[in-house]
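To keep things clear, I will list the structure first and then write my remarks on it.
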Amino acid sequence: MNMLILKLPKMFSQLWLLLILSLLTLEGPQPSTGSGYTTKSSVDLLENDSRYISYQDLMSTAKRFYDPETTWYSEMLFDVARNQVIVGARDTLYRMSFDLEPLERASWGATPSEIAMCQAKGQSERWCRNYVRVLHSYGENQLYACGTNAFQPSCSWRQMENLTVTGVDSGVVKCPFHPQANSTSLLQSNGQLFVGTATDFSGSDVAILRTGVESNKRFLRTKQYNNNWLSGAQFVGSFEAGHFVYFLLRESAAEHMSCGKVIYSRVARVCKNDVGGGGQLLRDNWTSFLKARLNCSLPGEYPYYFDEIQGMTYAESESILYATFRTSGSSIFGSAVCAYNLSSINAAFDGPFKQQEHSDAAWKTVNTNQRSQFQCGTSSIGHWLESSRYQLMDEAVQPIGAEPLYHSKLEQFGRLALDIINTKTEQVHVLFVASSGNHIKKLSVKYDGDGVQTCLVELWQADDTGTSSLLNMAYLKVSDSLYLGTDLALTRIPAQHCSRHVSQSSCLNSMDPYCGWNELVERCMPQPQDSSVLQHWHQAPQITCPVLNAPIDGGWSTWSPWAVCQQHEQPDSNCQCRQRSCNNPQPQHGGATCEGISTQVTNCTQHGGWTEWSAWSPCSQTCGIAVKIRRRTCGNPRPAFGGRTCVGSEQSEMYCRHLPPCPVAKPQSVDGGWGPWGEWSECSAQCGGGFRMRRRECNDPAPLNGGMECPGCRLDYEECNMQSCQEVRKLSAWTPWLTVTGSGNSSEPHMERRFRFVCRATSPDPSSVRIGLPKEESRNCHADGSCQRQVDHDSADSDAADWSPCSVSCGGGVQQRHRGRGSQSRVCNIHACPAEEQLSSNSLDNELEHGEWGCWSEWSACSVTCGLGLRRRTRRCLAGHDRLCQGRALEEQKCEMVPCEDFLGWSAWSEWSSCSSDGIRLRHRRCLVEQPGSMECRGAEFEKTACVPNECEETQTASTATLPIVIFVGLLFTVACCLATYRFTKKRFMLSAEEALNKTTTTTASFDTYPNQYSSLPTKDYYDQRPKRQSSFRMPAKTSNLGNGNGTLNRNNMHQNNTPKVLAKTYIDCESGTIKRQSALNNCRSNIDDEKF
């Protein structure tokens, strides 16, 4: 092999020689092949070449998918059975139709903790995401997907129909760590995954592996950190054929290390059934691994090598491998496409090996007989030893033909896709080659007995920005489309563009294997599927390279997008314009030019213009001051598309002269009309019948110019809350004790009685109050001043014991005596001690520790009529002296009246009006300030209240119809009261102060009425101090005839008669309740129904 070897010390001085030789090799005459064909070298295609299709024209039939939230469309998996394509992108999986319509989107991103860990290890934020790099179908409905996952590869099992995750697996050794790493993988139906990738974080440990898709499966790999096996390999692709799996890669050539670093393209092969070595020899390593160099070069005395493989595709039906190659980075850019028969690849693996015994030794050719392990046969220890020695084949794999199928200078080929199409007469392979500048070259390759013919059919501009990077390219036969995955979008481009050829000659001369002329419709079209139409569809008898020197009729490109353009001689006016060019294809060699316009203009700026003035209108009236008008419109032309509107007025007015004055018109009267009724007021009573009111105003309209007032009433009343009120009962206070037997002398034994009454009412009306039967209590009083309620004694005949000594000598003590089971107590030595404020523990307060308070009186009226004031209530100690009870006898409470500001500015309220027929009375006041401030004249001007319904009528009726009955009942009641008063007043009412204090009660009380566990009052009376609320009984004068039975008990309780006020309350009585005798607190009860009358 002839090689140009440059010694390192002379490299810079002889670099110019290398450049000259490279140019001579690329541009010199090409040798002929044995078949008589010559390989066409690439030509510089300009945009006026008939084979060039611009991005604008390409997108007219293409489909582009773009998602602003997604980038890096690196993987595609076609699922023909379900008419869908699975797309892997950054953090996302898509399920789409073949026309790139999204069917489902599944997010699959790395967790925040994984991203943080990735950045902590030194990686950039851009790459610390989950980039999908592996997509494989497994079984009938399973998808196996793997992603970089922020440099922590992860895999997942999903369903093909809805991308639902069914399982998760580690992606280490199955998926690369870095998104830009060159890797390849192949999944067999038995679940064995063959992978060529970097297996560590740094990307330095590159290997070819076999592992299972299930977890914890044993894997085989190339020997680690051994350059004879793999030396910095960059994987391009892989395919399976027969018992073998083949990997295409480029790596540093270990056999050329002594002369400097060189990149060679390789094909590596392993057996599918390789079980690996045993013991310490090739344990977990391949025993069938071999690799050979791929030769793609231009022949000559100094062959021009394209050493770096970039893309590959395998035609399984033809057993042909296609690959794209580039020159090394240190030489002039050049690219080529080479094809290899599988038989040529296997022949190289059947040849001798190239071995280097040690690092300083020269490489030599070696043959060995123990090769069964390389043919997927059985192996032994001896075979393992041979496998550990030999990996590199001595002979390179030679391409089909003596030179590349297609090559070009100053271009860089990348990925490769293949379609095999049957024309009307023969079979043609169509290659889609990605080139620099985001161009796609469509090449036709035809094999026959004489050799290979490769032709450039079309050149596509796949992107007009020049910023996107092609990540994946694949061809789908079902849709006859090429799919491009870039870092920005996903694009589907139809393989044929027949409609751009407008004549039969142009169609046939294009030599596009997808196109033919349909004479029925006279159009260039793809091959029809209907056999009856196929006979009218014509192609060239033989597909050759396009005829470039024949007349080519021009064809219009697609319209450009609408854009702003400027009108001629009007710098402030713009239009919307779009253009097309006659370059799809451009007419050449006398071909017909395009027919039609090349520019379209619309939506031009149009400034407004006035129309002519209209005729003057009639005067607005026939007398007085009037005007007439004329009009014009801005419609000649109307402003449009940003044009200026007309300047000036669209209406002109002029006074009408010489019109007679108009007579003065009398204003028309307007009768008043009622407005809507207002809301109903609150009811005047909660039960027993009340009234509520609503009002309306005569303001809809208000009477004007002498119009009539509104008929009817301004106010409206109705009854409310007609349900009956619940009857309320209350007890009156006990009357004072009245002497009923004896001579009236308090020093003699006598009997006393007292009474209380029950009042019932069903409404607040005083006339509804009814008085029930009285309740009475009796007690026996002795000559010593003590009294005792009547009770049966077991020892009635036993004499009372003497009084015990007084408990204290001063300050008030207690004496007790016992008779039978009863006992009595009285106060003694009540005169003050020398130091009364410091009573000892034997004082009256400690002796009478069970002194009880009476009930509180009613609250007094508030001390003020507006603002904040006080109200008071009092109570008396039932033991006879306030000092004998714990607590306060007076209690005060704050009370709040209406704010005093409400009276500012107002006059005094008027008297209440008479009751209306609706039972309502009113009063009013007026504001004394003409312009009141915010604090003056606040509140209502009128105030209303409800009267007792039909009070006057009932009173009149009672005074006439029932007068005899009232007189009779009054006389009968007076006679009864006189008889009772005669019996009660036989004894003197009042006692001296000392006797009152010494008067005690017995511990056991009895009543001459029925037994009752409640007693309204204690059985001891005190008269040392009169309360504020006096009993209605007064001390009888000696001249009083009360004891003679001349007293009168009436409703009004006239004091001059010295008769009790039945409903009056004493200071020891409760409003409505009783005191439980056995209760230590003497609680007041409100349920008077428990009093058994």
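Positions of Cβ are set from backbone N, Cα and C atoms, glycine also.
Positions annotated as disulfide bond by Swiss-Prot, on the basis of sequence analysis: C118-C128, C146-C155, C271-C376, C296-C338, C619-C656, C623-C662, C634-C646, C683-C720, C698-C710, C862-C895, C866-C900, C877-C885 (among others). The feature domain 'Sema' is assigned by Swiss-Prot to 50-495. The domain 'PSI' annotation in Swiss-Prot covers 497-546. Sequence annotations record features per position, and here Swiss-Prot assigns domain 'TSP type-1 3' to 671-726. Marked as transmembrane segment by Swiss-Prot: 960-980.
On the structure: features taken from Swiss-Prot.
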{"residue": "C118", "record": "disulfide bond", "Cβ within 10 Å": "23"}
{"residue": "C155", "record": "disulfide bond", "Cβ within 10 Å": "22"}
{"residue": "C271", "record": "disulfide bond", "Cβ within 10 Å": "22"}
{"residue": "C376", "record": "disulfide bond", "Cβ within 10 Å": "16"}
{"residue": "C619", "record": "disulfide bond", "Cβ within 10 Å": "18"}
{"residue": "C698", "record": "disulfide bond", "Cβ within 10 Å": "18"}
{"residue": "C720", "record": "disulfide bond", "Cβ within 10 Å": "18"}
{"residue": "C885", "record": "disulfide bond", "Cβ within 10 Å": "21"}
{"residue": "C895", "record": "disulfide bond", "Cβ within 10 Å": "16"}
{"residue": "C900", "record": "disulfide bond", "Cβ within 10 Å": "12"}
Neighbour tally for C866 (disulfide bond), based on other Cβ positions within 10 Å of its Cβ: 14
C877 (disulfide bond): tally of other CB atoms within 10 A of its CB: 20
Cα-Cα distance linking C646 (disulfide bond) and C271 (disulfide bond), given in Å to the nearest integer: 86
For C710 (disulfide bond): intrachain residues, at least 6 apart, with Cβ closer than 8 Å: G672, G673, W674, C698, P703
Separation of alpha carbons, C662 (disulfide bond) and C895 (disulfide bond) (Å): 71
Listed disulfide-bonded residues (C623, C862), ranked by Cβ neighbours within 10 Å, top entry: C862
Residue among disulfide-bonded residues C656, C662 with least C-beta crowding, 10 angstrom cut-off: C662
Cβ-Cβ neighbours of C146 (disulfide bond) (radius 10 Å): 28
Other C-beta atoms that fall within 10 angstroms of the C-beta of C634 (disulfide bond): 18
Of the disulfide-bonded residues listed as C376, C646, C656, C662, C683, the one whose CA lies nearest the CA of C128 (disulfide bond): C376
Among C296, C338, C683 [disulfide-bonded residues], residue with fewest other Cβ within 10 Å: C683
Site with most surrounding Cβ atoms, counting all protein chains shown within 10 Å, from the disulfide-bonded residues C128, C646: C128
Cα-to-Cα gap, C646 (disulfide bond) vs C619 (disulfide bond), nearest whole Å: 27
Inter-residue C-alpha distance, C877 (disulfide bond) and C862 (disulfide bond) (nearest angstrom): 25
